[in-house]
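Visitor: If you scroll down you'll find the structure; I have some questions about it.
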Amino acid sequence: MSIYIGGLPPHVDEDRIVDPFKKFGPVTCRLCAGFAFIDYPEQHMADVAMDHIRPAVANDGNLGGYPGVTLSWGKRSIVLKYQEELAEKKRRDREREERRDREREERRERKAARRRRRSRSREGHGGRSRSRDKSRGGRSRSRGRNGGDRGRSGARSSSSESSSESDSESDSESESRRRKKRRRRNKKRRRSRSASSSRGSGETRRRRKHRRHRKRRRRSRSRSRSRSRSRPRSRSPERTRDDGD
């Protein structure tokens, strides 16, 4: 059976709380912020402890040097709630620790990847410089050993290099010229298209005006005809005289 101890401060000494209860049998203490539970293996031990300790705490209001303490039987709901809170707290702590471990591992992996990239870049630059130094040293040694023949071959290689450089420069110049020609052609095409579109729009406008003018003329003619038909014909004075005779 559990004995509930309430009104405790956030941080307490477990021995000071457990010592008064050890006189009545073996106990297990479960501390939490503000309260604690004392468990006995048998019910009669808990009954005897409550009979002796509860009146003293009620009179003095002191348990183990902590004032304002209250004793009561630990209800099952309180115990279950405490166990749930304790399990939730442990779960949160475990998740926090796992998250921290993952973050540490990710940081280590990132640092290792950065070091590998830096070492590769350094090795690449060093290999290139070493290969250049080797090639230069081999050329100088070959020239020193064979004299004029090597000098001639070096001159040929330099001339071939200069010719390849000139060829590359000419290729780049020809490519730039082609690009310029393409741009000029595209500009001419755009201008011709814009001019043709403007001409077409002007012709359409003139056609529309001509059609409107023709419609107006037709309407005016039809109106004049209808007016002439609606007017009565007047007889000449000679015909009226003949009719009177």
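Even glycines carry a Cβ here, placed using N, Cα and C.
A TrEMBL annotation is a machine prediction, not a hand-curated record.
Because the structure is a prediction, the values reported are computed rather than measured.
Pasting the feature list from TrEMBL:
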COMPBIAS  88-109  compositional bias 'Basic and acidic residues'
COMPBIAS  110-120  compositional bias 'Basic residues'
COMPBIAS  121-136  compositional bias 'Basic and acidic residues'
COMPBIAS  154-163  compositional bias 'Low complexity'
COMPBIAS  164-173  compositional bias 'Acidic residues'
COMPBIAS  177-193  compositional bias 'Basic residues'
COMPBIAS  205-234  compositional bias 'Basic residues'
COMPBIAS  235-245  compositional bias 'Basic and acidic residues'
DOMAIN    1-85  domain 'RRM'
REGION    88-245  region 'Disordered'
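In terms of burial and nearby residues, how do these features look in this structure?
Guide: When the compositional bias 'Basic and acidic residues' (88-109) is classified with DSSP, helix, strand and coil residues number 22 helix, 0 strand, 0 coil.
Beyond the ends of the compositional bias 'Basic residues' (110-120), by six or more residues, the same chain brings no residue to a C-beta distance below 8 angstroms of the stretch.
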